[in-house]
Amino acid sequence: MAEQVVGTGSFGIVFQAKCLETGETVAIKKVLRDHRYKNRELQLMRSMDHPNAVSLKHCFFSTTSRDELFLNLVMEYVPKTLYRVLKHHSNANQRMPLIYVKLYMYQLFRGLAYVHTVPGVCHMDVKPQNVLVDPLTHQVKICDFGSAKVLVR
């Protein structure tokens with residue numbers, strides 16, 4: 001059950017939702033399925049399993065009254081983005097504590113190293129808006145693999 005919009009982008013919209021079966025809070029990314037383009041995001045996310053990459057829980061298709069087909073990616077919900085964390089510090093005229101800068105960068109690089117080697121993917125859109133941060137645990141997760149490309153060896 002979708003509750004609120006938590007993000008938008010050029011390829012889709014992300015909702016915060018609650019799973020009716022488990023009560024768990026999840027994120028659902030709704031992307032228009034365009035047959036002219038192969039959406040690799042689902043395929044890539046299915047192949048990934050790392051603490052610093054957002055995990056895919058489920059996927060399903062939905063349609064609108066205009067017969068538009070949407071791919072819905074159900075992912076773990078992480079409440080903040082690095083962009084929002086940085087903006088919070090900037091608005092308060094504060095610097096982010098160095099320990100958090102180091103912790104977040106370490107996890108970001110660890111996640112990118114995994115993505116580049118195990119599934120062999122280049123993210124192509126790493127930016128603060130695509131880095132999720134759990135404010136309680138300070139765990140960082142890379143998200144939004146919609147622009148990612150598979151590396152050829």
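Backbone N, Cα and C define each Cβ position, glycine as well.
Of all Cβ atoms in the protein chains displayed, 16 besides its own lie within 10 Å of the Cβ of K30 (ATP binding site). Per TrEMBL, ATP binding site is recorded for K30.
Look at TrEMBL and you will find 1-153 tagged as domain 'Protein kinase'.
Secondary structure from DSSP puts K30 (ATP binding site) in a beta strand.
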